[in-house]
Each structure stands twice: as structure tokens, then as C-alpha cells.
Amino acid sequence: MDSRNVLIIYAVNVERKLNAAAHHTSEYQTKKLVLRRGQIFTLKVILNRPLQPQDELKVTFTSGQRDPPYMVELDPVTSYRSKGWQVKIAKQSGVEVILNVISAADAVVGRYKMRVNEYKAGVFYLLFNPWCSDDSVFMASEEERAEYILNDTGYMYMGFARQIKEKPWTFGQFEKHILSCCFNLLFQLENNEMQNPVLVSRAICTMMCAANGGVLMGNWTGDYADGTAPYVWTSSVPILQQHYVTRMPVRYGQCWVFSGILTTALRAVGIPARSVTNFESAHDTEKNLTVDIYLDESGKTIPHLTKDSVWNFHVWTDAWMKRQDLPHGYDGWQVLDSTPQEISDGGFRTGPSPLTAIRQGLIQMKYDTTFVFTEVNGDKFIWLVKQNQEREKNILIAVETASIGKNISTKMVGENRREDITLQYKFPEGSPEERKVMAKASGKPSDDKLNSRTLNNSLQISVLQNSLELGAPIYLTITLRRKTATPQNVNISCSLNLQTYTGNKKTNLGVIQKTVQIHGQESRVFLTMDASYYIYKLGMVDDEMVIGGFIIAEIVDSGERVATDTTLCFLYSAFSVEMPSTGKVKQPFIITCKFTNTLPIPLTNIKFSVESLGLANMKSWEQETVPPGKTITFQMECTPVKAGPQKFIVKFISRQVKEVHAEKVVLISK
């Protein structure tokens, strides 16, 4: 054969800009081509001579970290289909050949090498494709895809059910190294497992946690001196980038940080995802669908008896996919939780667990549905432990059937507001369907005492307040309701703790006791505690604290007792921030901050920071101490590196006041 006649590939142009725009991947900060499966892409091949009918033009795609690799061979002239992939010659013009390739809608996702004949045409990434109706992560709504795949900022919802706070969070799934980091973490999966979002999402969930050899180390001790305190993070990006570079666990995270990096990783690989907060989240260690809390007569919890706990909130991630591994009816949102809590198949992980199964109480549907069901459902029992001649007697003094799994929240599609999605997880509290579901899950008939146990108390108790201005005295208004209007003497005992969001008690602030005579069917009793009882203890641990406690009321004549719990979160007056509404790439602008310490104590270890995906790195300003009543004003210079509307988050933290933030969108032009 004449050597001049041998077909030689001179170049392959992967048409990066054109393909990325069509595949909604232009935002990824990588020089490599990023594609979504099941969708056409274009290659321009430059030859040494025009293509002839007898020529072989073999296009090979290989992927996989295991041998043998997943390999697809296509030839537009002879065998243009293979493993669901297709190739066609779209256009021929002299030595230029335009090829249209469609990858299979169930192709392996990950890093691919591409060859045309012997020519190495480089590396590209192939992702799941929510735009493709044949992909098992297909999402029909354009608005939902824009939120759950393309939005790189959002919110975490924290606080507690009656006082929900939003924390701005930067997901940053398109930032440098994030996609590489996510695919590197999937090394344990077989090539064929990389086709399946159920297995990929479970593996990503597993690898977010350092206890499984993954990214982030959980820590709830209050001591984070050898790392970053969990509340300090406002972005997934530095965590995943640090892990990618060092291959070492990043210290430290708590539930919202685990959810943040998991949502980022899922969006990065093309699986629609949302961070979700469950308020009053039960941690039922005995798996009996009840949370049992034991108190002494002053209202203090008895630690060795109280094994179950209720977290003020818990954050996990929902991912969207079809469940071809389950019977019909379990497609859609699935819970994934990478916070290390429960061992599942030998590692800390939860899910994917279908919301439809959780809602119906079908706890045998995999994965880990029993655990998620108990977090959002359950009855809370409060027991009084009475010492009686050396023997302890447990008396049930409160049953709350509607206190677990409240205000389940996520960011609204297309809006910077909270959406309540509780009804996607459960039937309305107290409805016949909800009680039937509880019966099904517990394996007991719905007329069983577990499901219908109520106390016919003549006295009912509730607490009005749910927040407290930091530095102010604690005021509690207790409402007592009775069926009778006869005057009665009532003993009230209220034990208050400084505790973290998981209910972990750091210190007891004291017990308030009062005896009052009540008249009429509804009475109010006021309890107070001076701010000095808590203000000097705020810096004890490096966590955001709340005041939590139990209140017991006892009718003196009858000895009848009732109880309730209360949580107060601290409110702190915001600081003022001035920044422009518009800016230009590579032109510095100034952010001015003004902050006043309104507390009677000095604030220490102060740090202000500015974070934005529009900046190359975080800016910060530090000061040792701000004395009581003192105002500080300072400026930070920021130079944007990215055009478009960019969200800037300005944050204040100190040892005593954990987190105050302000945010603004600045329109950056080129």
C-alpha cells in the first residue's frame, strides 16, 4: 500500500465551547470537555487526505479504574452502534470530517479517554443527564433542573422548629478540582456500577465521611483547636478542594457541612440534589419509634436512663432518581445522609431511601428506611423518675405525638425562600393515615397503646417564648390550661441548660422553682433568670449554643404532674455592611463593615470574612478583642475574578457570638 495513501489523523477538535453549551456544562472550571450521557456531541476530525469508502475511522472511548475497562468502539462507516452509543458522519469537507456521537443514556459515568484510530484525542468527563428522558435521573421541569443541578449557591436551614434561621451556603459544584475530586472518590465501584445513580449516590454518600476513609471528619465535642470549627464553614468548595490536594480527612464538620458537600458532589456528577433540614429530629437508639426522656423531680434529665435524643435540627440531602432496583412506585426523591450515625453494610451511611416508602411506613425498602422513618416520626414520652424508699418509680407525665419531624425544609425552586416539604415525608400529624403508617412501621395494631396513648390530664402546659436577645435576662411565660376554674396551688420547676443543637448538655444554668395559686381555666406564670447565669459561659465550647430545658408543673392537692420542654435560641443584632451593587472583573472594590458589641462582656477571637464564587479566595480581617459597648469600623478590599451576578457573604464570628452574617448579590461585568 502506498504510504502516501495511509489515512493519518492530524487532529481532533472536541468543540469544547459548542458541546459544553449544549450539555449545560460551560460553568465547570476545567480545561477538559464535560459531557452528559444520552446526548449528541460533535467532534471535528482533521485528516491527511479526504476520507474514502474503504477507510477505517475507528472512534474508541474507554473508562474505568478497573481492568478490563469499559470500552466502546464505533466506526461511522461500518459499525456505527455499540453498547447503546452511536456515531454518524454529519459532514465531510475535504480533509475535515464532522462526527456526531451519542453516548448511551445508561453509559458509565466518569473519566474517559478518547482515540480516533491511533490518535489520542484526550480526556473528557461524562456525567448523568437530567435533561435526557431515557436517563434514570431525568427531571422534567426546567426550573427544577436550574435549581437542583445548576444553582451553585443556596441555604441551610438551622435553629429549631419555632425559630428557623437560614445560613447561606456556597455549593460551588463547578469550581476547580471539584469534579475530579468526586470521581476520584468512586474508585471502589466496578465499571458497570458506575452506570447506576443508586450505587453512585450511595458510594458518594459513603465517601463524604472520613470514618469511611473519605473527606470530612465529624466532631461534636466543642473542641476544634486542631481544625476548623464546623459553624465556620459556609462553602463546600474549600473542603473538597483541600481533600483533593491532600488526600487527608478535613477537620471538622457537623450535619449541615456533611449535607453541603454531599449536595455539591451529587450536583457535580449530574444527580439532582437538595439539602433538607428536619426539625425536632429523633435519634431513637432502641428503634421502637418512641423517644423516651427521663427527668428527676426538678426537671433535670437523667443521662444514664435517657438513651434517645432529639436534635433541634438535622440536615441531610435528597437526590432525584429512578429506583429500578425496587418494585414500581419508589422513583423520585431519595434521602442520603453522610453524617456518621448508623452503620449500614459495614460503613457509616444512610440511603438512598425513597420518600414514598418513608411516607407510607414501608421501612423494609432499601436502603436504611427504618432509620430515616424514626427521624421524622415517633412519639415523645417524658417520664418522671421518683425516688421511693430506695426504689425508683417511672411515672409518664407527658406524651407528645406531634413533636418529632417538624417543618421539614429546603430552599424553594428559583426563590431565596424556605419551602416546607413535610407532607412529602409524612401524612398530616394526627390524621388517620399518619396513625396507620405508624402502626404499619411499628408492626402493632393502630389501636395499640403506642399509637393512641394519651394522658387524660386535667392540666395542660405550654411555653410561649422561643428566642432570646443575647445579653438579656431569660423570660419564660408558662401557660397552664385546666377544665376547672377552682383555685389550685401549683408547684413549677424549670431546669435550664446551655446545650448544642444535638441536645448535648454543656452546663446546667440552674433550676427556677415557684409555687403559684392559679385561678380561671387559663393562667400565665412568669419565670425569669438573670443573664449573668449564661453570658459568661457562652465561650465554654466552640459551638453555637441554645438554652434548652424541661418544665414540670404539679397540682399540690392531687399530685398530678405535667411536663413540657423548651428551647430558646439567641438573637444578636446584625452588623451593617456597605458594598456596591455593581463591579468589574479585576477592578477592586471596598466593603465597609461596622459592628457594635452590645454585650456586657468582651468578645474575643473576632474574625470577619467575605466569601464569594466571584473572588479568587476568601478575604478576612481579625481582631483579638472588642470591649463591651465598643464599635469597630473597618474596610476590606475585594477584586472580582468572575463576571455575572455573584453572591457575597460577609460573616462575623467570635468565641462568644458564633455567627452573624449579611449577604448581597453584586453584578460583576467584564
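A Cβ is built for glycine as well, from the same backbone N, Cα and C atoms used for every other residue.
What TrEMBL records for 247-340 is domain 'Transglutaminase-like'. The annotation active site is assigned in TrEMBL to CYS255, HIS314, ASP337. According to TrEMBL, the Ca(2+) binding site annotation covers ASN377, ASP379, GLU429, GLU434.
Among the recorded positions CYS255, ASN377, ASP379, GLU429, GLU434, the ones whose Cα sits within 10 Å of the Cα of HIS314 (active site) are CYS255. Considering only the binding-site residues GLU429, GLU434, the Cβ with the fewest other Cβ atoms within 10 Å is that of GLU429.
Within the domain 'Transglutaminase-like' (247-340), the DSSP-based counts of helix, strand and coil residues read 15 helix, 41 strand, 38 coil.
A separation of roughly 23 Å, to the nearest angstrom, links the Cα atoms of ASP379 (Ca(2+) binding site) and CYS255 (active site). Long-range Cβ neighbours of CYS255 (active site) (same chain, at least 6 residues apart, Cβ-Cβ under 8 Å): TRP311, PHE313, HIS314, VAL315, TRP316, THR339. Distance from the CA of GLU434 (Ca(2+) binding site) to the CA of ASP337 (active site) is 24 Å.
Most other Cβ atoms within 10 A: among the recorded positions ASP337, ASP379, that distinction falls to ASP337.
Neighbour density for ASN377 (Ca(2+) binding site): within 10 A of its CB lie 26 other CB atoms from the protein chains shown. Highlighted in sequence order, GLY378, THR401, ALA402, ILE404, GLY405, LYS426, GLY430, ARG435, VAL437, MET438 have their Cβ within 8 Å of the centre of the Cβ atoms of ASN377, ASP379, GLU429, GLU434, the residues recorded for Ca(2+), and are not part of that set. On the 0 to 100 pLDDT scale, the domain 'Transglutaminase-like' (247-340) averages 94 in the predicted structure.
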